[in-house]
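Q: Below you will find the structure I want to go over with you.
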């Protein structure tokens, strides 16, 4: 975090960076979602990434890999804006409360938890809509999909998968805690230099954090995807444990890790690019604001 930047600046940079990163990696997200959902109930040896890719290409062409991109960009922009805003706002509060310039590991984790819970609850309807749009190859907009879900299934289904989503709050906590602590180490090593994290370092540290986070939490990512697709009016009452047992019975423990390699690749690349773009945009924005302020002082 940068003390010289307002939380709103971080939020805007994070939103823009996330959208740019997702645009590059979205085909991997589509493949992962197909593998996770296993909508045709195929046996594991029949459910391969190669078959999923060939199936998409044969039915929908290359554009099929980008099904739901508009919805995902909307979701990513909103998600990152909310997350970064509350992450920076909460972080500044803890720094002021403890009268320190750097957050401790504990405060970093608490900051991530608070921002993560707020973001998960606020954006769950958007990601339910995105999952439906992507897997059903729908041309309906995100807002229209949300309205249709409310009209046909009830508003409660907009929060399908919220329980695993809340558990997955630990994902960005792990990711950002590792990132922030490694960032401090890197910045402290820059003796006599400007203490700003370069975009290249942000890329590397972001990748390391995401590898650890995704590896630990992947089964819950699979559960969230499957629960998003449920249209039952009683879906809200469906427990994660019952879904886990169903997957284990039909697909074995490997069913919880369908698409893991592609999700890991997509997540790591997306987050690494997100940090790369965000730090670059943040640095450029701060320089621009400094120029504007200096001109105001002169006039």
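Cβ coordinates are placed from backbone N, Cα and C, and glycine is handled just like the others.
Note that TrEMBL annotation is computational and uncurated.
These figures come from a predicted structure and were not determined experimentally.
Not my notes, these are from TrEMBL:
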type: REPEAT; residues: 5-93; note: repeat 'Solcar'
type: REPEAT; residues: 103-185; note: repeat 'Solcar'
type: REPEAT; residues: 197-284; note: repeat 'Solcar'
type: TRANSMEM; residues: 71-87; note: transmembrane segment
type: TRANSMEM; residues: 108-128; note: transmembrane segment
type: TRANSMEM; residues: 161-179; note: transmembrane segment
type: TRANSMEM; residues: 200-221; note: transmembrane segment
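Quick one: how deep are these features, and who are their neighbours?
A: When pLDDT is averaged over the repeat 'Solcar' (197-284), the result is 82.
Residues 1, 7-8, 10-19, 22-23, 26, 29, 111-112, 114-116, 118-119, 122-123, 126-127, 129-130, 133-134, 141-142, 145, 172, 176, 274, 278 of the same chain sit 6 or more residues outside the transmembrane segment (71-87) yet have a Cβ under 8 Å from a Cβ within it.
When Cβ-Cβ distances below 8 Å are used as the criterion, the transmembrane segment (161-179) is approached by residues 83, 87, 105, 108-109, 112-113, 115-117, 120-121, 124, 127-128, 205-206, 208-210, 212-214, 216-217, 220-221, 223-228, 239-240, 271, 275 of the same chain, each at least six residues removed from its ends.
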Q: Can you name the far-off residues of the same chain, 6+ from the ends of the transmembrane segment (200-221), with a Cβ under 8 Å from a Cβ of it?
A: 36, 164, 167-168, 170-172, 174-179, 182-183, 186, 240, 244, 256-257, 260, 263-264, 267-276, 278-279
